[in-house]
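Structure first, then comments.
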Amino acid sequence: MRSGLACLLVLAGVTLTNATLTVEKRDGPAVLAVPMVRDTSRQLFKRSKSVDVGLKNEEVNYVSYVANVTFGTPPQNILAYFDTWGNGCWLDSVDNSDCDLYVDHSSCSGYGAYNLTASTTGKKLDEKFAYDDSGAMTTGDFVTDVLKIGGVKVDTMKMGIITEPMITANTLSLGYGNASSISLTQALADAGTINSPAFSLWGQTALFGGVNKARYSGPLYTFPIVNGSDLTKALRINMDGISINETSAASTKFPLDAVFDTAVNMSYVTKSVAQALNAQIGNTSVPDEYGQVNFSCSAMGENSTIEFKFGQLEFQFYLSEFVSQESDIATNDGWYPDDETCYFTVCEKVHLQYERSIVLGSNFMSMVYAVFDLENDEVSLANLDWWEHNPDDIVEITSGKNGVSGAKSGVSEAKSGTSGAKNGTSGVTNASAGTHIEKGLGITAAVVGAVLMLNI
């Protein structure tokens, strides 16, 4: 079941005739910016029976990718989640008994639920919606209706409406879609709202069809999407290492494929990598049923760091950004008291087996600048510019090769004796290059406060 952080709008449609957009004429770049809102109602998410729900103190470093949209005529207010991993799009029905779990069950605790009979433009289709995620089948009906997001109106949007209780959230995919559902990203491109099916994510903002050069620092590195016969096509690239205080964890196991998943709060790694990381932070406890370990906060050095390496790009953050605390009480400077129990939010992947090796959840994604180019099967990454003093510098992502302006290849030369997931077209295997970029630890430390205050 999909739990944790966030997914948002995706339109579902078998063909382009299922989604018609009405857009005002613009003189600026062909892009669509969608600000996120802070998630305070803590809805039960899909995947909640297997992942994240049992994790301790998930409020710390909690960032969600949820935005206001409307569906129907007159507009029915919906809070929906952007999902970078999944390929399904659905909304809860007002008749879904899951909504009875909440005090405000009529609106599913403020997230909103769709009422077909209350819409003058809604139409129920003669086909059933079904979506299988990690062995948990989500079912309902398909409908078409008017969707509004970020000033854009989709006149005929095909969506799955969940009528059976499965502890779901209003979910719309940003990725590749499937045979019966296309993503919001692809639909916006097909309708001409954006030039190419691509989008950027930073902090709590999604920018469809463009890159905001003022929101990242240093080079923007591009990596190929990796696929294989045993992998579902997703926003997945090779990862070349993860370390604590620059001491590599199970370096001989890398590169490993890593999928970007805004729908989970934590990040998840293989057992061998988790064991190496846990040993480095001084943990001696056995992982719980969710793969998470706890340790004394005093065992973690105040200046300890964690590094994530992708080819020529390395991200370095304070380790405390990936640690939560049992009591949720921190000192004025954000540091944890010595007598507290801390929880590491990079966990062993005991669930999510279908997502293969590594899952980079929102605790990682909220700390980097990422561009996802569906047309060219590429992901571009860079360091975030946290202070946001500079005015926006938005450039369209164009259709065709090299559509992401200013990006350069981040792939390193393959090393003998290493293996990883192969690119779906070239078969190239990425390996670590050992090239470091500027770390900027002082800026990184401010990430949590900055992200949670954005666009509320």
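Using the three backbone atoms N, Cα and C, a Cβ is placed for every residue, glycine included.
Unlike curated entries, TrEMBL annotations are predicted automatically.
TrEMBL lists 65-382 with the feature domain 'Peptidase A1'.
Annotated active site per TrEMBL: Asp83 (among others), in sequence order.
Asp261 (active site) carries neither a helix nor a strand DSSP state and counts as coil. As annotated by TrEMBL, active site applies to Asp261 (among others).
According to TrEMBL, the disulfide bond annotation covers Cys297-Cys342. Taken residue by residue with DSSP, Cys342 (disulfide bond) is part of a strand.
Under the heading region 'Disordered', TrEMBL lists 402-428.
The compositional bias 'Polar residues' annotation in TrEMBL covers 415-428.
The closest partner of Asp83 (active site) among the recorded positions, by CA position, is Asp261; the full candidate set was Asp261, Cys297, Cys342. Across the structure, Cys297 (disulfide bond) and Asp261 (active site) place their CA atoms 28 angstrom apart.
In the three-state DSSP scheme, Asp83 (active site) is classed as strand. Taking the C-alpha positions, the distance from Cys342 (disulfide bond) to Asp261 (active site) comes to 24 Å. In the three-state DSSP scheme, Cys297 (disulfide bond) is classed as helix.
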